[in-house]
Amino acid sequence: MQAPCEHEDTSLLLQPLFEGEDYGAAAADGTPCPSVSVARNNPAKRDCLVVAVLCFGNLVNFIDWFIVPGILLDIQKYFGLSDGKTGLLQTVFTLCYMLAAPIFGYLGDRYNRKIILGAGIFFWSGVTLGSSFITESHYRIFVLSRGLVGIGSASYSTIAPTIIADLFEEGRRTTALSIFYIFIPVGSGCGYMLAASMAKSTGDWHWAFRVTPCMGGLALLLLILLVPHKIQRKTAAHRALSISGMIGRADEKPDIHRTTKTTWCQDVGSLVKNCSFVCSSLGLTAMAFVTGALGMWMPLFLYRAQVVQGLVPPCLQDSCNSSNSLIFGGITIGTGIVGIIAGAEAARRLRKINNKADPLICASSMFISALCLYIALMVAQTNILSTFVSDNLQNVFWHPRENEKGEEEIFIAFGELFLSVNWAVVTDILLYVVTPRRQSTAIALQILVSHLLGDAGSPYLVGVISNAVQARNSPSLQWSFRSMQYSFVTCAFVGVFGGGFFLLTSFYVEEDRKEAQRL
């Protein structure tokens, strides 16, 4: 029975649509309710404003996510933490994020998504602000606060993309979602840079946790004023959307809707037998492992390398040198944007001449990224790009030998670039090797596995290995650096395994694609 439509005046300047009683995603039967156009409003501009607001919220979300890595040295010194306990901060955050995401996905399908988004922003901003007042004797409370921020972040990352997807038809929807996801690397890089800048300018790292709540408050205000209370899906039929432009329509295959319904366990069983899905998911897990470890530890690793070379003194004062966070933040922003765009474009072009192009692109990128990371680790003790550090910029002109110290950051940048190439392409692989009626389950499983076995544990594992190496040697600045260097080698080998899994995907992708089209 069709749900009745009710018309209500929300009195919002930018809400030209009046929708039905569905408070989550579009109604299950896809029957649209009548809409009323308000002459003074432009629906296209309204939709663009909504996307802009949600992109700003996503920016704030990932800034909050990467504040801790940006001032990791200060936090470690303040609480007196070992590398293992330091890595636990990001692990707890990711675990809470991972476990909360399916819950918010369930709530977003059934209740008002705008209210859930607003509550999530308010919650994580409030917890972030509160964590800035935690004293050095309450480390466990600080860890708990990071877990709570992860829960709030999960509400936004899970629900905001569904609102954007409901606002646009297929072609524009691809562009809108791509823009939304671009703010993941941008927000991550800004998190490093904002945290480092605030710690340097104020002399107190706590202020880094007091800026983003203000940005969260602005995001909440814009959400309340500019995002409609209810969003009606523009199209009734199911669409399988790909970031790099491949769109499969369920209504082009009438038999899809007549297929016998299957249980969740049957869907999972079918996905486990899908070799392309399994191998590409394991490749994605390797990517998450490497990016999680790099994101948490790389600024601190660069600092220890500089200390060993005598480029910077050991941190003895209250506020430590944060220039490496600024460097790594800029690298993350640039390589993230370029990598995502380049990966999508390469997939579009090469797919025309090779049906196995997508997994081969992913495999090649992972192998190159692992090689670049390994080289960066090996040259770290003798080569640091001091020209990236603003305080030493003049040394480029006065000390020519400093120009030779550029290999590490260059290789780190290339390593991140080739990692970023794969994000859009991996999404494509899933969407065309899995039948549309199982894609939601497939995406949920892929997210769960990639976080659980990837970035949820890698920061902690790197810290534990570093602790173990230091424990077997006499305490020194040299072994403080080498312990982190040796633990990072794990990421290079995991990257090689990831490339191998994508290479295996290329052997099955054509057969699995045909099988998905038949179902």
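Using N, Cα and C of the backbone, Cβ positions are placed for all residues, glycine too.
The domain 'Major facilitator superfamily (MFS) profile' annotation in TrEMBL covers 50-513.
Positions annotated as transmembrane segment by TrEMBL: 48-68 (among others).
Under the heading transmembrane segment, TrEMBL lists 88-108 (among others).
The annotation transmembrane segment is assigned in TrEMBL to 115-135 (among others).
Same-chain residues lying 6+ beyond the ends of the transmembrane segment (141-164) with a Cβ under 8 Å from its Cβ atoms: 25, 50-51, 54, 57-58, 61, 64-65, 68, 79, 88-90, 92-98, 100-101, 103-105, 108, 113, 116-117, 119-121, 123-125, 127-128, 130-131, 134, 173, 176-177, 180, 227, 231. Under the heading transmembrane segment, TrEMBL lists 141-164 (among others).
TrEMBL lists 176-195 (among others) with the feature transmembrane segment. Sequence-distant contacts of the transmembrane segment (176-195), counting only residues of its own chain at least 6 positions beyond either end whose CB sits under 8 Å from a CB of the stretch, comprise 51, 54-55, 58-71, 160-161, 164-165, 167-168, 205, 208, 211-212, 241, 243, 295, 299, 322, 325-326, 328-337, 339-340, 344, 420, 423-424.
Feature annotation from TrEMBL assigns transmembrane segment to 207-227 (among others). Away from its own ends, the transmembrane segment (207-227) comes close to residues 12-14, 49-50, 53-54, 56-57, 60, 63-64, 67, 70-71, 114, 117-118, 121-122, 124-126, 128-129, 131-132, 163, 194-195, 198-199 of its chain (Cβ-Cβ under 8 Å, at least six residues beyond either end).
Summarising the annotation, TrEMBL assigns transmembrane segment to 282-305 (among others). Long-range contacts of the transmembrane segment (282-305) within its own chain (CB-CB distance under 8 A, at least 6 residues past either end) are made by residues 66, 68-70, 72-73, 76, 87, 90, 94, 188, 192, 312, 315, 320-321, 324-325, 327-328, 332, 362-363, 366, 369-370, 373, 380-381, 384, 408-409, 412, 415-416, 419, 422-423, 426, 446, 449-451, 453-459, 461-463, 477, 480-481, 484-485, 488, 490-491, 494-495, 497-499, 501-502, 505.
Among the features that TrEMBL reports, transmembrane segment is placed at 325-347 (among others).
Summarising the annotation, TrEMBL assigns transmembrane segment to 359-380 (among others).
Residues or ranges marked as transmembrane segment by TrEMBL: 410-431 (among others).
Residues or ranges marked as transmembrane segment in TrEMBL: 443-466 (among others).
Residues or ranges marked as transmembrane segment by TrEMBL: 486-509 (among others). Under 8 Å from some Cβ of the transmembrane segment (486-509) lie the Cβ atoms of residues 83, 275-276, 279-280, 282-287, 289-290, 293-294, 297, 301, 355-356, 358-360, 362-367, 369-371, 373-374, 377, 422, 429, 433, 458, 461-463, 465-466, 469, all in the same chain and six or more residues away from its ends.
Within the chain carrying the transmembrane segment (48-68), a Cβ under 8 angstroms from the stretch's Cβ atoms is held by residues 14, 75, 89-90, 93, 117, 121, 124-125, 128, 146, 149, 153, 156-157, 160, 163-164, 167, 176, 179-180, 183-184, 186-192, 194-195, 208-209, 212, 215-216, 218-219, 222-223, 226-228, 295-296, all 6 or more beyond its ends. Scored on C-beta pairs under 8 angstroms, the neighbour of the transmembrane segment (359-380) with the top count among 88-108, 115-135, 325-347, 410-431, 443-466 is 410-431.
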